[in-house]
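K.L.:
The following feature annotations were taken from Swiss-Prot:
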type	residues	note
BINDING	87, 105, 106, 107, 108, 109, 524	ATP binding site
REGION	871-919	region 'Disordered'
BINDING	925, 927, 936, 937	Zn(2+) binding site
């Protein structure tokens, strides 16, 4: 109460900071007449002036006011748009490396130009990050008009570009692209063998659009470059046949934690089935030799009992395609990890694709923390302000709207069953449609959007495709006639290709759009419809400019009339029904948002609400809930149901009370807090791998930068031999205690030389230092002979290539070991040990082991390496890019050919390991010993 009173008197911290920008806003406005008087040439010349001032020692803050004034004028001349004062404040927030929360329709894309231009003047590059290729391309093409007018270059990074195209885009002053593409380019760059092949520059300044989606929703999503493993499709299919035979009593499901576990009876039943199939070793399912079987059983159980077709995934063209839980979009190419996707393919009787091995990975949390300065924009960040600051050190500033918000947010209506809820939604749609008010219904999944669509069809509504001109003609004709069309469109993962068009036309009078969550985010819904979208569709293929202009003018007139109709679609509600002359209230027209259930996160609900009431337009929002909804069922529906019964609620009646909204908000806050804790805890683990990744990647770049790595290779060789001598000839030991034969055998195994160490050991008075010196000298002579044979230039190339290839190979193996360690480390908690500290300690030991193996493997390969003619080399294998989500186990694969893998010679010489190329761990060793590779040369390579 005291805090609320203080805020009334002094204003909130947010208000005070916004006021702090006013002086600079006034200064920019004061410059406007002077800047407006400049010719185009003089305005363009200001860019060179600003660069000169920076070179003379001025800072970006020193030139902010004139630079912002310049961008505002350039936008007026190129786009016909002038930055509002609140947009100038947004630009300052972005420049300072914080998050600007700006409501839908407030022009975030235009705001970015201010901070982008100012920071691009340094010449070090600015990255603008969006959530998909469509938005990256749209925003880059749109805003590049401003940048090119002012003499700056703009590049776009989208899927499908080759390396030279990417290098050109990154070399530009400003680069637009998606979060996935920026992250994958970073990983691919750190798998290359020449500096000139790398595409990215330094990570200096990035502005992230829809920052909450990228840095919160997808924060735990690792980007992964991977290669294929052995095919185990039949094993997945076999395990899958057992799961349908289990009954509900055989397993327990925890919906909150999203886990499923076998009961004692279920375990016994499954063990019996596995034993009969010959798949169970030992007595119990949980014996050590059955680890792989347990893993496959657990994934098959999850696939059958936790994942629902048409909600979590759909089956299309013989593939299991994941549905994004946040947007409802279909994610082609994305795959669940750890064998879960293969389990789903087996469940749906689709071809089971092989699993992949991780070659390189990074999370968005760690990728975006590499930037020297990071800013973000979104319509909904305030609810996650603590997380943004805690993890990214980003403050969230709520930017005031240019015009007051005229949207009515009504209290939720809660029904006892989903059937009653859908009936109420249908009745509300019919009322809104009768007065020509456009309606957007938000659903949580494809499954629920299609349930609602079927419900509408049963009551005489017809589904159309808003992206189909003929379908739209019917809607426009009905709108012109002022008659309800009873037509509706569904925007979900199945129809995502045209989502921008469908969303843009959701503001046409009488339009009914059903959308999963925030599909189509990034596209404004304009009342009356979108002139740009309609004009582009209507004039496609028409060459005659006069005819085009005539069509566009007709569309303009349509939209003006349509907007008036939508604004007039108010609803008069009687507060005292049946009473003559009773009180009434008017509810606004504009876009009507209906939420069909609450999401776990308040932010997602706020995003849906934010679709209505853009730029001061009127609008309405209302959520319809039932006790069957996921959030209600998991958090306290039993209590609510008892209360509804006590109130004597009849079928079809709803309870409407602000208390319900507050109770739901508290439930959502609990979920948000839990998810934040999960993300924060996972980041602590990921930071361990991230610190090691930075060391490895920096080492790679240093190696690529060095013209001559002979000194590094020699140090490795000498350190390795020192270790071998210390192992077999302990310090202060008598010569008769030396393990000379063991030293000789290990030298032969590791470096491939049979040296007379036994003869040396018999010499009178020889010490361990002398033994070490002779060994190092002989090995150095061997390498010097190779260098003389090939020439110093070839030798330098071979040394660098082997160093990089060995580092990459060991790093990949290290990633697998870290992943396995992370999966089991939680069990240490049962022994009263801190799993995180245990993970840090053991991960460090593994890293030290990697460095040790690096010395051994590099030395071994260089001692044996032979030059192979280029024409004997096979084509390079392809790699794939993946994106995992620890929330759901998703593995998002953006099919990418990399061609960065080291090439193996075509023929294997048993005496020359350098010719063996990649050898499977379970293959027979190419040396001819008859043992498996992992038990022979694979122990150290």
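From the backbone N, Cα and C atoms, a Cβ is placed for every residue, glycine too.
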K.L.:
Using an 8 Å cut-off from the Cβ centroid of 87, 105, 106, 107, 108, 109, 524, can you name the remaining same-chain residues around the ATP site, in sequence order?
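P.N.:
Output for this site, in sequence order: 102, 104, 110, 111.
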K.L.:
I need the most crowded of these binding-site residues: 105, 107. Count other C-beta atoms within 10 angstroms of each C-beta and give me the top one.
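P.N.:
That would be 105, with the highest Cβ count within 10 Å.
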K.L.:
On a count of neighbouring CB atoms within 10 A, which of the binding-site residues 87, 109 is highest?
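P.N.:
Its Cβ has the most other Cβ atoms within 10 Å: 87.
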K.L.:
What's the most sparsely packed of the binding-site residues 106, 524, counting other C-beta atoms within 10 A?
P.N.:
524
K.L.:
Please report how many Å separate the Cα atom of residue 108 (ATP binding site) from that of residue 925 (Zn(2+) binding site), as a whole number.
P.N.:
60
K.L.:
According to DSSP, collapsed to three classes, what secondary structure does residue 87 (ATP binding site) have?
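P.N.:
Assignment for residue 87 (ATP binding site) reads helix.
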K.L.:
Indicate the candidate from 108, 925 with the smallest number of other Cβ atoms within 10 Å of its Cβ, considering only these binding-site residues.
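P.N.:
With the binding-site residues 108, 925, fewest surrounding Cβ atoms within 10 Å: 925.
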K.L.:
Please report the distance from the Cα of residue 109 (ATP binding site) to the Cα of residue 925 (Zn(2+) binding site), rounded to the nearest angstrom.
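P.N.:
Between the alpha carbons of residue 109 (ATP binding site) and residue 925 (Zn(2+) binding site) there are 59 Å.
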K.L.:
Can you give me the Cα-Cα distance between residue 107 (ATP binding site) and residue 925 (Zn(2+) binding site) in Å, rounded to a whole number?
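P.N.:
Each residue's Cα considered, residue 107 (ATP binding site) and residue 925 (Zn(2+) binding site) end up 63 Å apart.
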K.L.:
Whole-number Å distance between the CA of residue 87 (ATP binding site) and the CA of residue 925 (Zn(2+) binding site)?
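P.N.:
So the alpha carbons of residue 87 (ATP binding site) and residue 925 (Zn(2+) binding site) sit roughly 66 Å from each other.
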K.L.:
Please find, for 87, 105, 106, 107, 108, 109, 524 as listed binding ATP, the greatest distance between any two Cα atoms, in Å.
P.N.:
17
